[in-house]
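Heads up: the structure comes next, in structure tokens.
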Ligand code: C5P
């Protein structure tokens, strides 16, 4: 087949990233919204934005800011060096993560067929993980999640009959078949938009909304450095990862 008669390669699909960064981060303790807290002297959000823009496939990053913090986030992005090949936009977020992602999706211009959703709270995800997710969507998956096997055995519990009493265990899922899911999660744009239009109720990630549409979600390898900064100890780990990177870059 000559080059001219080939259908446009799926690899030509343009990729945008939505970064929900509107959470307060209460589990991290008192202080600024989580995404604006510093890691190695740089706001966590800037690390997350750079991690996405590090992929040559990503041409737009939409940051969903705390509802009253869009101006502050805009000036943060202006104040930090970011790649020229990537466009950046900031929109105010909502009450829940789901609402924040929906507001980010609504801000996407036409022409982006692949959308990644990435938590600002996962600032250190390596570019190979980002590229792996994009590649799997380009290869035809409608929804892709990076994931890792679990170290811990997981128990399903029921609420205690009396608050404060021990919770009874009702099941132990087979650990070998469980995965801890990270971000960025990657989607065919139309599928993700439909999921956000039709699925209501409490969800903790975007892929589960696509599952509820009855579509197949696939897993690609995640990375231990893509962990979510949630509790104070995660900040210590994140600083250690950054220090190790600086050491490796320096030699
Ligand atoms: O609360 P959780 O750790 O699941 O938050 C995951 C991501 O969703 C964080 O990056 C947080 O800033 C974002 N989020 C949001 N809007 C909310 C709540 C959380 O953008 N209302």
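Any Cβ shown, glycine's included, is placed from N, Cα and C.
Feature list (source: TrEMBL):
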type : residues : note
SITE : 27       : site 'Transition state stabilizer'
SITE : 34       : site 'Transition state stabilizer'
SITE : 175      : site 'Positions MEP for the nucleophilic attack'
SITE : 228      : site 'Positions MEP for the nucleophilic attack'
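Everything TrEMBL records as a feature, shown here on the structure.
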residue: 27; record: site 'Transition state stabilizer'; DSSP class: helix
residue: 34; record: site 'Transition state stabilizer'; DSSP class: helix
residue: 175; record: site 'Positions MEP for the nucleophilic attack'; DSSP class: helix
residue: 228; record: site 'Positions MEP for the nucleophilic attack'; DSSP class: coil
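Here residue 228 (site 'Positions MEP for the nucleophilic attack') is positioned 11 angstrom away from residue 34 (site 'Transition state stabilizer'), judged by their C-alpha atoms.
Separating the Cα atoms of residue 175 (site 'Positions MEP for the nucleophilic attack') and residue 228 (site 'Positions MEP for the nucleophilic attack') is a whole-number distance of 21 Å. Neighbour counts of Cβ atoms within 10 Å were compared across the recorded sites 175, 228; the minimum falls on 175. Of all the recorded sites listed here (27, 34), the one with the fewest other CB atoms within 10 A of its own CB is 27. In this structure the alpha carbons, written CA, of residue 27 (site 'Transition state stabilizer') and residue 228 (site 'Positions MEP for the nucleophilic attack') are 12 Å apart.
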